[in-house]
Amino acid sequence: MCPLTLHVTGLMNVSEPNSSFAFVNEFILQGFSCEWTIQIFLFSLFTTIYALTITGNGAIAFVLWCDRRLHTPMYMFLGNFSFLEIWYVSSTVPKMLVNFLSEKKNISFAGCFLQFYFFFSLGTSECLLLTVMAFDQYLAICRPLLYPNIMTGHLYAKLVILCWVCGFLWFLIPIVLISQKPFCGPNIIDHVVCDPGPLFALDCVSAPRIQLFCYTLSSLVIFGNFLFIIGSYTLVLKAVLGMPSSTGRHKAFSTCGSHLAVVSLCYSPLMVMYVSPGLGHSTGMQKIETLFYAMVTPLFNPLIYSLQNKEIKAALRKVLGSSNII
């Protein structure tokens, strides 16, 4: 293992009458402290995962945009979700990859909070979009006759815009408040990304109210959306079990099963990480949990949807021009 070195660089001196303060103007993202050969291995592994994630989600978004037969609300929601995943994984992974090859592993003060903002905003938009997709499934299966009149193109556009706008506004105030707190050193963030837990630990002045505000918002967005999704699929399951046709039941189970698998992948690590102030979590476990929902989940989402959905597989074959590829 690499020895932990206390970095004292990145401090900005601010002089006042009778006093002198040093404030942080950059942070050190410590990441994984390990030998250089292991750093190279992790860089290669995460680069491959990142490339596969971009390719998989990009392929789904592209084929759903190209195939007009799939221009329905259900598939358009999925296309937006894949597009969102590309930006979500790109908010943290490129900097993470650069740090694997860097000795200093620094990130500017503004860069850290921008990463924090986009990572949380895109994650919130993802949670909201999964909730909207559950609502769409509920309408399609439980209210099939009313579905075309309710889920119109106009409503679809409104819901997608609402997910993006609310996602980018949800954590804006707490992130601004945290950024205004004094950080006077040390400036080491013992994490792979700029995360509120390690940032609160570096704050010179304790801010329990801001902490409570931040974790309350996290709990609301995670549990609120999760409970809505579970409630929707409870009603969907009840409706599916009452279907007289076995073919209809199989198709409904296939579609809903894919969505529930993605929901489980997204929400399980989030619930562990952000519904409490992080008590009882070792820094190593926090890093692994973050990597799981920041990299592994976006990687498997396109696989789950494409392998379970015949329409998407057919569209992929059509666009790629070869049935042997998939």
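Every residue gets a Cβ built from N, Cα and C, even glycine.
The membrane topology recorded in Swiss-Prot keeps L70 and E311 together on one side. Noted from Swiss-Prot: of N80, N106, the annotation N-linked glycosylation site belongs to N106. Every protein chain shown contributes to the tally, and the Cβ of N106 (N-linked glycosylation site) ends up with 17 other Cβ atoms within 10 Å. For the transmembrane segment (113-133), the neighbouring stretch richest in Cβ pairs under 8 Å, chosen from 45-65, 73-93, 159-179, 217-237, 288-308, is 159-179. The 10 Å shell around the Cβ of C194 (disulfide bond) contains 24 further Cβ atoms across the protein chains shown. Contact counts against the transmembrane segment (73-93), taken as Cβ pairs under 8 Å, peak for 45-65 among the stretches 45-65, 159-179, 288-308.
Under DSSP, N106 (N-linked glycosylation site) is assigned to a strand (E or B) in the three-state scheme.
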